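**Q** Pasting a structure here, questions to come.
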Amino acid sequence: MAQTKKVGDHCSKPTLPLCRSSKCVKYGIVLDAGSSHTNLYVYEWPAEKENDTGVVHQVEVCKVEGLGISGYSQDTEKAGLSLQHCMKRAQEVVPEQQHRETPVYLGATAGMRLLSLQNRSMADRVLSAVEKTLRSSPFNFQGARVISGQEEGAYGWITINYLLGNFKQPGWLNFLPHLRSSRGTSGALDLGGASTQITFAPDQELIESQENSLHFRLYGKNYNVYTHSFLCYGKDQALRLKLATDLQSTQNGSLLDPCFHLGYLRIMNISDLYTNPCIANGEQQLPFTQLHLQGNGDYQRCRMTIQKIFNTSYCPYSSCAFNGIFLPPLQGEFGAFSAFYFVMNFLNLTTEKSPVPLDKATSAVESFCSRPWHEVKAEFPKIKEKYLSEYCFSGTYILSLLENGYGFTMEKWQNIQFLGKIGSSDAGWTLGYMLNLTNMIPAEKPPTRPLSHASYVGLMVFCSLVLVAVLLLSWLTFHKPKCLQKGLI
Ligand SMILES: Nc1nc2c(ncn2[C@@H]2O[C@H](COP(=O)(O)OP(=O)(O)OP(=O)(O)O)[C@@H](O)[C@H]2O)c(=O)[nH]1
């Protein structure tokens, strides 16, 4: 059973001093090694870091081309060069005198979790190759590791709530402890290529399954948070799961697929489809080596085929998402990011103001899926064919996951905001990871800032004037001039 994580507890012992030998850390770098590619993020500390007043924000993002876990294992040299290019970019962004103080972290997510399950030594080789490049940079390399699904969910939740300013409550709430609940935070929905996470503070205190339960103490406040990471339910692995399920009913490897546009053709090697732990050994039973996929763009049928990858036939708890995984009743607002945003943004279903209602979103995906492939390709010539050809599947998958998998009804759907960035920072787990490791979110509320000299002098003058006025009034009351006293008789 996974241990309950206390993020705030790590914070009580700083792992990285913010100021060393008169130099303060002003930047931090995090690399997110995902299944399809790696992103390098450079963050900048707020100006008044000692008092933790400003907000740590992103100043640069660099996409390391080819360095997805699969890409790296295929072409190490090319991916290594691409990584060096992004490290150089970071050296330009971070002032030279700051290089030695700037911490660099690498976290690998679900792609690497799957690679570790499938081929441990390959996964270790990938990590040590990346580590070697990072060690040779002028920055302060702090380590590369595979983060757990629970951490990915937790840090995504921390990132968006930190950026939305949800952790710092007005001081007057300290005097009304009954109002200080976990509410007022936003839930986090993250869709990757290999896994998807849902994290939120539920209404009910009890989280029925220990491995879905997180306890944080941040800024002097306790948070009970639910999280789950569904490995193999990122959008790329979900497509594989769906294809593997569909293949069971074909005799010759030809598949009429409603999740792709009419006129779209794709040929895939069956061995590529089956080389990962998400799909149990079905390959041997198939009498063909290639899959010939032909699109026929039918949203309703696509939705039905996707539905088959969610097993909702059993639930050992009071309520479940799918595959027997506990899910408490959904609570509050949610921010949906990563591929949730990429896909919904392409389909024009993200708005800054009010969310697009569920029925309108469904009609939009349905109408997109029904368009012939040649027409879609002609309209979006600049979009990568891999992304463009899969928006129909991805849009339908997102609707199925949120509606059927998690139970976002028409009403609850209105609480979802699809987010690319918050301010200048991308929504994702990386910022939360760095904030935790550098102790930027303390477990306890920082002491109230002492008054500045000018405010102190001003306050003293004001108090003195009030005192003089009170003394004068008292004197006038008890020693009234005689003429006045006579007049009153
Ligand atoms: N449309 C579009 N899709 C993208 C873009 N960048 C990444 N993706 C896809 O979005 C999905 C999620 O990508 P990431 O957020 O990098 O997730 P990941 O790191 O693969 O996630 P894990 O599953 O946790 O390993 C993947 O299927 C990517 O192929 C983009 O710019 N546009």
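Cβ from N, Cα, C; glycine included.
So TrEMBL says this about it:
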ACT_SITE  Glu152  active site, proton acceptor
BINDING   Gly193, Ala194, Ser195, Thr196, Gln197  ATP binding site
TRANSMEM  456-478  transmembrane segment
**Q** Please report the distance from the Cα of Thr196 (ATP binding site) to the Cα of Glu152 (active site, proton acceptor), rounded to the nearest angstrom.
**A** 9
**Q** Quick check: in three-state DSSP terms, what is Thr196 (ATP binding site)?
**A** strand
**Q** Which whole-number value in Å describes the distance between the Cα atoms of Gly193 (ATP binding site) and Glu152 (active site, proton acceptor)?
**A** 13
**Q** If you count Cβ atoms within 10 Å of the Cβ of the residue listed as 'active site, proton acceptor', leaving out that atom itself, what do you get?
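**A** Around the residue listed as 'active site, proton acceptor', other Cβ atoms within 10 Å: 28.
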**Q** Check the Cα-Cα distances from Glu152 (active site, proton acceptor) to the binding-site residues Ala194, Ser195, Gln197 and tell me which is shortest.
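**A** Nearest listed residue in space: Gln197.
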**Q** Hey, does DSSP put Glu152 (active site, proton acceptor) in a helix, a strand, or just coil?
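**A** The residue in question, Glu152 (active site, proton acceptor), is helix (DSSP, three-state).
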**Q** Taking the centroid of the Cβ atoms of Gly193, Ala194, Ser195, Thr196, Gln197 as the ATP site, which other residues of that chain lie with their Cβ within 8 Å of it, listed in sequence order?
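**A** Sorted by sequence, the hits are Ser35, Thr109, Ala110, Gly149, Glu152, Asp190, Leu191, Gly192, Ser229, Phe230, Leu231, Tyr233, Gly234, Lys235, Gln237.
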**Q** Once the chains shown are all counted, how many other Cβ atoms turn up within 10 Å of the Cβ of Thr196 (ATP binding site)?
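**A** So the number of other Cβ atoms within 10 Å of Thr196 (ATP binding site) is 31.
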**Q** For a quick check of packing: other C-beta atoms within 10 Å of the C-beta of Gly193 (ATP binding site), how many?
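**A** Its Cβ shell of radius 10 Å holds 24 other Cβ atoms.
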**Q** Specify the count of other C-beta atoms within 10 Å of the C-beta of Ser195 (ATP binding site).
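**A** The answer is 26 other Cβ atoms.
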